[in-house]
């Protein structure tokens, strides 16, 4: 770190901080050159130390470049979720044999209902919508209700009834393309460089997005949607990697968080455009054509200097870094690369060294890297499944279609801002695990809500779930690049993003097909259960990367101290929150328990409760002082966390509110009060509206 000298208010000197980071805060003004010369680093520095010693961690150059690479993520977000509106649900009925093509959805003639859509004739046709799985439906076609949506892919290609599965197929095509793009762009990003891949993806997204508005058949639309999905990781993932490689260790959270905010802004813009543009072709053009402006990026966005250095292309990196130094008001020394600590200095000359190429299998060859890869391959599909599932089916817990989507996008922004302030204070690990656990609780708790619960409570439940899983997405995009070395970072990110598409594909079928067939529980139970499992994996397998320099080589990963030792620091913050919460429970339970029992037996009840509580204390002794030392912290975390969740549910369902009530004197008074289930609805109920507004 830099510290101000006592003799002069403008002199800075270098001292490594407690975490081993080498960061200069270079002063501005005429004295900058002399300060840099006086405190020039010695040779043998790592790239992080060299770069941020001279340029600063987040100067004008880094801010400008990071803003530029984040802008296209707005369009990536709109394309990712546009099928939610281009294939928006349209009420429909079977067309009668002799009905004209321009007939209205509603007609006054008495049409009889049938239990299903089979064997429809001209005298018997249901106004009710056909159920999924029914066959031979509506032999004369369909009549759609265009009162809300003027033109949708649903009515153009009649993706209803037995064809309704195509809605999930087309959306999953996007994620299949995204899967292939993640793998290929990840590999090409490490081979060709970040800039070429980034620009290629922008061109592919623009051209395919425009063509989607005019193609005549759903198969062509599906192929183009897969092409847009193929471009997605080339834009979003590369943007995160470029941002991660631009900024210093203390500012790296910006790469995941700010890019996530841009993604959320894209959702809000998409929902707003869809609200006003009810024709899917015009909507598709509105989210595609503005990307033409990104053609100027070929001249505005340079190659990643860190990648160039990893490829031994020092002169090209020098041109970029000298420009960055000028924008930041600093200066780099001549041939600064000679000060770099190279992993093979003991061997041949750096200039003559053949740059080693890495591939997917290198992620699995060494023990620690293999463990990190396995954990990431489990966590990424889950966060993708939940995030895209709740984004595609925003009204599955209640609320209006457009309004819930837009508010859901807005809910991501405060969640991401909160991450910005917390990710470097309590660590990546605590936030990632906490996000999974909160999302799991909000979804699974929906199963115990009584029928008739006000729609506002359901919407709030959805918003907290969306914010929590957004937190996970932001943190996982921050922590994953920090887990892997530069030589294989882009490949690792591409592989993680590729395997994450498995979750997104499953989400497409669950949210757009299965839920409509069997009900919301088909989404709630698997999503909630997998979120719980992901939280446990984070606690057990993911190391804390907060404040650590980005690793450059695989050898650096394998040489660091064991995960179990380096993981002690970030656990302290969750411990303090847990301790405060359980202390609150202890205080409240000592208040509420005497109020639950009548005077004639109150002391006996308190004695019995206090006695049985000792069972918990005895179990805690064995778990905390014996079992944990033998099998690890999870033996304490999982049972304690599960029992705390169960206890919260018991309180909601069985404990009546006693605030403001007189203490009961006799057992008869207890038995005469109104039933618990009725008196307990007050704090969570409100008048139920038949049609919740959007």
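Every residue, even glycine, has its Cβ placed from backbone N, Cα and C.
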With TrEMBL as the source, which of 43-65, 66-88, 89-111 is set down as transmembrane segment?
66-88
What range among 593-610, 611-628 does TrEMBL describe as transmembrane segment?
611-628
Tell me which of 521-542, 543-564, 565-586 corresponds to the transmembrane segment entry in TrEMBL.
521-542
From 402-423, 666-687, which range did TrEMBL mark with transmembrane segment?
402-423
Count, for each of 221-242, 282-301, 371-390, 455-479, 634-655, the Cβ pairs lying under 8 Å from the transmembrane segment (430-449), and report the range with the highest count.
455-479
Other parts of the chain folded back onto the transmembrane segment (491-515), taken as Cβ under 8 Å at six or more residues beyond its ends:
87, 132, 164-165, 167-168, 171-172, 175-176, 178-180, 182-187, 189-190, 233, 237, 240-241, 358-360, 362-363, 373, 376-377, 380-386, 388-390, 392-393, 396, 480-481, 483-484, 522-523, 526
With pairs closer than 6 in sequence left out, are the transmembrane segment (371-390) and the transmembrane segment (282-301) joined by 3 or more CB pairs under 8 Å?
no
When you scan the chain for residues with a C-beta under 8 Å from the transmembrane segment (371-390), skipping those not six or more beyond its ends, what do you find?
80-81, 175, 363-364, 396, 408, 432, 436, 439, 462, 465-466, 469-470, 472-473, 476, 480, 483-484, 492, 495-497, 499-504, 506-508, 510-511, 523, 527, 530-531, 533-534, 537-538, 541-543, 557, 563
Near the transmembrane segment (611-628), which same-chain residues lie under 8 Å Cβ to Cβ, leaving out any that are not at least 6 residues past its ends?
635-636, 639-640
Confidence summary for the domain 'Major facilitator superfamily (MFS) profile' (131-546), mean pLDDT rounded:
82
